[in-house]
Every structure is written in structure tokens, then in C-alpha cells.
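First the structure, in the form of C-alpha cells, and then the observations on it.
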Amino acid sequence: MLDIESRSGKKVFIETYGCQMNLADSELMGGVLAGTGYGSAKTLDEADVILINTCAVRERAEDRIFGRLTDLLRYKNANPDLVLGIAGCMAQHLREKIIDQAPYVDIVVGPDSYRNLPAMIDKATGEAADPVLDLKLDKAEVYEGLTPKRRPGISGWVSVQRGCDKFCTFCIVPFVRGRERGVAPSEVVRQVREMAEQGYKEVTLLGQTVNSYRHQLPGEPETDFADLLSMLVPIDGIERIRFTSPYPTDFTPKLIETIAREDKISKYLHLPAQSGSARMLEMMRRQYTRDEYDKLIDDIRTAIPDIALSTDIMVGSPGETDEDFIQTVELMEKTRFDFAYLFKYSERSNTYAARNMPDDVSEQEKGDRLRHIIELQESISAEVFKQEIGRTRRVLVDGVSRRDENDLAGRSDQFKRTIFPKPADREVKPGDIVDVRITDCTSHTLIGEYVESK
Ligand code: 5AD
């Protein structure tokens, strides 16, 4: 839910599914609507407009949203004037199915049409016969000049890139979010400065393949992702800069050097591998080989010894054999990621894989493989967390511990949840960056004590 100041009688409730880009897009929609006088609804009951910002990356995400739409029918029945909208990737992907299965939906809006939301809501309120659709993909739209309605806090997002040009064979994103485009550096700097003024301490730059970012104005030199980071580092007030998700082949030596050099840039990288099998990587059209991925990890760890790494892995992709799967297990054992996000392949219509590669790994086999690597990663993560004991880490405090309000909580530079008792002789509050010596851990949390910074 977004906290939009009440500026008119009408109130909107935005519910978000999927990735961080969607959370940022919901804040963008909140900004567009706040700019035209909409207030924010604290609950679904008091909403005049409900928007569901959706995900299409796996079938399960879409099934969940269809389930949610059935729940929401009761709000439509209770309030016939309620405007119910479906936004985002699934809106783009499944417009017909949505209209067919949930004919009471009033608005279907794709990721490039959020500027039109106020007009669409007006139209849906006026006529209310057929759903109002806007699903044009616009290769120029980067929402420049709009200020997202961000949740107040320590940490916020800025989308610096929209769309994707990679066309991995399994992935729906290029079809629902269109071609890759970068936001002008001046616009990114403006937003980050504004966030610093509002008291944000951490900014996360978002893009589908964020490190392929590039932007060029006529007659000027091109800005690449390392340049963009370097432009943000001097902004006072911003203490930590993160970004997600980088794409393996878009890591330049210059980018690695920039991360290594700048204290403000978080020492945590999410590097989706998808598979450890060279054969599968080729079938997925990932544009890197297994050897190249291994070398990239080596280069990063050599240049930035303190780096924490995470990855995305899919099991059961078309044609994946036991031997391919063993390669994935071997990759995980060798690389020892700090975290991993693990998925079963889910066929997405329109993708190259859906049109050309039978979904031939059985559900049973996908389940078995997934369970195997979940267990493996749990034990690796537990060991990696234990290795933190005895180290001193910089923690950005973001609140108090859920278990004990005498404990502060935050994330280390390596993005690990860390809790420590409030020091007796010094005030430490959310937004502060402090040194914490790690003394213990649970499977997903570090426990430590405040130490005076040197
Ligand atoms: N099925 C399962 N997982 C997928 N992902 C992307 N497309 C699919 C799909 N069709 C996963 C990838 C990606 C993450 C965001 O979601 O691992 O990195």
C-alpha cells in the first residue's frame, strides 16, 4: 500500500506482486495519481480504486493473481462504483484471459501506460461497460519528470532502465516490458538528490539487466553504468548504493573497479546464473558459457574480496538431463553463493522456448531437483553465515528487531540481516551506519555487538 496524501475525495489502493521493479512501478503509479488529486486508501474497504500490479514471470504468479481477483469481486459487489484495475506484466501478457475470467475488471493497463491511468480511471467511472485497455508498449517511455510516491523510509528504489533486449529463450520479460531503454543520468541524479533531501540513506538502482545501462544525448559522450554509479557516489546523505539485477555479460572491468573503489557501493551482487550446464546456457541463449561465468566470479572475488554473491537458478528447463542438473549442483557447491533464489521452469506463451522446445522434464523431476538444491543452498548459506563470526561489518540500521525492541536491526554491506543490542553509552538510530562485530548467527541472521568506528 502506498501512502499518498489525501488531496481529493477519491482514494486508491495499490497491491503489488513480483519483483522490485514492480514495487517501484507501484510508487510511480502512486505518483501519477497523487499528482491528479488521488488520496491513498489505508484498506481495501475504503478504496474507490483498487490497482493490482502483477507479475508474469511464472505461471504460479499468474494463478495467484487470478485467485486474488476472485477475492476482490466481493469489494465490487459491495461498491458498484469501485474501479478495479490490473496493471503490469500479467495485464500485458493475458489481457484476453483476464477479461474472460474476470469480466468485472474495469481497467487493464500495461507497464508503459501509467501516465494514462487518471484518464483511464475517469473513463471507467463514466461508462463502466467494457473494460478500458491500454497495452501499448512505448520504446521511448521512461517516465522522466515524474516523481514516484515513495514509501518514507531509509531505503528507496530508482528505476534507471526499463525493458529488456536479451530475449533468453525461457523469459517473458521482453514481451511484456518491451525494449531496453535507459533513464537520462540527469533524471536519475535528480531523483537520488531528492531522496537524500527526504532522508533516504540507501538507494537501489533497478533495471532488468541494470549494468547494460547506457544513455547518450546527441553530441555528448555515452554514460555507461559505471559512470552512472560514479555520478551518484558524491551525493551527500546517501550512504549506500545498491543495484539489481546485473547481467553476467555486462560486467566490465571498469564496473568491477568502481564497485571495489567506492565504499558507498554495497558489497553484494546478485548474478543470475540460471544453470551450471554449458549446454543449457546455450539453449537458454544466455550469451555466456559456464567457463565465462566461473571466470567472472573469480574476477569479482579477486577485485573485491569482501563481496557477497547471490544468484537465480532454474531447474527443469526444456531438455535438462540429470547430467545438466549435476553441473548446476556443482556450480553451487563450487561458487558457494551467500543466497540463491531457486525456481522450477514454467513455460511462458510466446517465448522462444514455448514455441520451439517441449516442456519435457516431468513435474515430479522438477520438484525433486528443486528440493535438492534448496537443501544444498540452506547448508551453504548456514556455513557462509557462520564464517561471518569474528568479522566487523558496516551495518545500515533500519529499525528495531522484531523479537526484542532493545535490539537494533539492519543490513550489512554484504546484505545480511544483522541485529545487535542498542549500545548503552551512545544513541544509535535507524538511518545510522555503524560497525558491528559479529558474534553469533542463526541460519538467516547475524548477531553482533556495536563497536566504535575506527
Ligand atoms: N520459469 C521459471 N523461472 C523463470 N525465471 C524467468 N523466467 C522463468 C520461467 N519461465 C526466473 C529466472 C530469473 C528470475 C527473475 O525468474 O531465474 O532470473
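A Cβ is built for glycine as well, from the same backbone N, Cα and C atoms used for every other residue.
Record features, source TrEMBL:
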BINDING   Cys19, Cys55, Cys89  [4Fe-4S] cluster 1 binding site
BINDING   Cys164, Cys168, Cys171  [4Fe-4S] cluster 2 binding site
DOMAIN    10-126  domain 'MTTase N-terminal'
DOMAIN    150-383  domain 'Radical SAM core'
DOMAIN    386-452  domain 'TRAM'
Pairwise CA distance, Cys19 ([4Fe-4S] cluster 1 binding site) versus Cys164 ([4Fe-4S] cluster 2 binding site), rounded so that it is a whole Å: 14
Residue pair Cys168 ([4Fe-4S] cluster 2 binding site), Cys89 ([4Fe-4S] cluster 1 binding site) - Cα distance, angstrom, rounded: 17
Between Cys55 ([4Fe-4S] cluster 1 binding site) and Cys164 ([4Fe-4S] cluster 2 binding site), the C-alpha gap once rounded to whole angstrom: 15
Other residues, Cβ within 8 Å of Cys164, Cys168, Cys171 Cβ centroid ([4Fe-4S] cluster 2 site): Lys166, Phe167, Phe170, Ile172, Val173, Pro174, Gln208
Filtered binding-site residues, from Cys55, Cys89, Cys164, Cys168, Cys171, whose Cβ is under 6 Å from an atom of ligand 1: Cys171
Other residues, Cβ within 8 Å of Cys19, Cys55, Cys89 Cβ centroid ([4Fe-4S] cluster 1 site): Tyr17, Gly18, Met21, Asn22, Thr54, Ala56, Val57, Ala61, Gly88, Met90
Rounded inter-Cα distance in Å - Cys164 ([4Fe-4S] cluster 2 binding site), Cys89 ([4Fe-4S] cluster 1 binding site): 13
Length of the line joining the Cα atoms of Cys171 ([4Fe-4S] cluster 2 binding site) and Cys89 ([4Fe-4S] cluster 1 binding site), in Å: 12
Neighbour tally for Cys168 ([4Fe-4S] cluster 2 binding site), based on other Cβ positions within 10 Å of its Cβ: 22
In three-state DSSP terms, the structure that Cys89 ([4Fe-4S] cluster 1 binding site) belongs to: helix
Other CB atoms within 10 A, centred on Cys19 ([4Fe-4S] cluster 1 binding site): 19
